[in-house]
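According to Swiss-Prot, the features are:
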BINDING   Lys13, Leu14, Ser15, Gly16, Gly54, Arg58, Asn162, Tyr168, Asp171  ATP binding site
BINDING   Gly53, Asp73, Ala134, Gly135, Leu136, Pro137, Tyr138, Phe139, Ser140, Thr141  UMP binding site
Amino acid sequence: MTMADKRRRVLLKLSGEAFGGGQLGVNPDIVSGIAREIAQAATDVEIAIVVGGGNFFRGAELSQRGMDRGRADYMGMLGTVMNSLALQDFLEQAGAETRVQSAIEMIQVAEPYIPLRAERHLEKGRIVIFGAGAGLPYFSTDTVAAQRALEIIADVVLVAKNGVDGMYDDDPRTNPDARKIDQISHQEALKQNLKAVDSTALSLCMDNGMPMRIFGMEPAGNVTAALLGAEIGTLLG
């Protein structure tokens, strides 16, 4: 394959909360819609996905209620596997060939996480979903998205946000005067302590020259557009 033939390779980060539509568990209508948008771009783009687990468990929040942080994080990781399997099913219904790789071994439902195998799947046109976070406590799925993107040599990390359409200088949900940022460096985002993604993920991308685009999942069509390279939301790089 020549450089001219090389397809764009992206790492898409999806929030778990989006899968539940604000409720506990998985909303089939929402996940089906997300899957159709991803499948539309899969013929032109190599797509890997990291899914959060916030619609089931959030380790940091459970630990604040007295639960051991490590155990709470492992519960969150298992939630991401459930989301990964749900997304796999709806992607395959939409006609996309898909593989799930889990950082925690569970061979009945997913392949183990093997970066070179993931790259081969991508080259063959399969969508790869990474479940179980990093397989280690204290790592957010934002950080895992950055790490996986670097390891599979993605061109960009795309962070799909629920309820916000990019990075702002303050929380637009509480401050109506918050200003949307079209482009900013990783370093400046860290310096300003902007909260759209976690600081460890930003640092990883900054240190390794990985661009990141933060965009809103709505309206319909945004996920497909971002995967295909549309300049929506906020570019960090």
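Glycine residues also receive a Cβ, built from the backbone N, Cα and C atoms like all the rest.
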Cβ atoms other than its own within 10 Å of the Cβ of Asp171 (ATP binding site), all chains, total 12
Other than Gly53, Asp73, Ala134, Gly135, Leu136, Pro137, Tyr138, Phe139, Ser140, Thr141, which residues of the same chain sit close to UMP? List them in sequence order, counting a residue when its Cβ is within 8 Å of the Cβ centroid of the site.
Gly59, Gly76, Met77, Gly133, Thr143, Val144
Tell me, by DSSP, whether Lys13 (ATP binding site) is helix, strand or coil?
strand
Among Gly53, Gly54, all listed as binding-site residues, which has the most CB atoms within 10 Å of its CB?
Gly53
Rank the binding-site residues Ala134, Leu136 by the number of other Cβ atoms within 10 Å of each Cβ, and give the residue at the low end.
Leu136
Between all pairs in Gly53, Asp73, Ala134, Gly135, Leu136, Pro137, Tyr138, Phe139, Ser140, Thr141 (listed as UMP binders), what's the biggest Cα distance, rounded to the nearest Å?
14
Can you tell which of the binding-site residues Ala134, Leu136, Tyr138, Ser140 lies nearest to Gly54 (ATP binding site) in space, using Cα positions?
Ser140
Long-range same-chain neighbours of Tyr138 (UMP binding site), Cβ under 8 Å, sequence gap at least 6?
Arg69, Gly70, Asp73
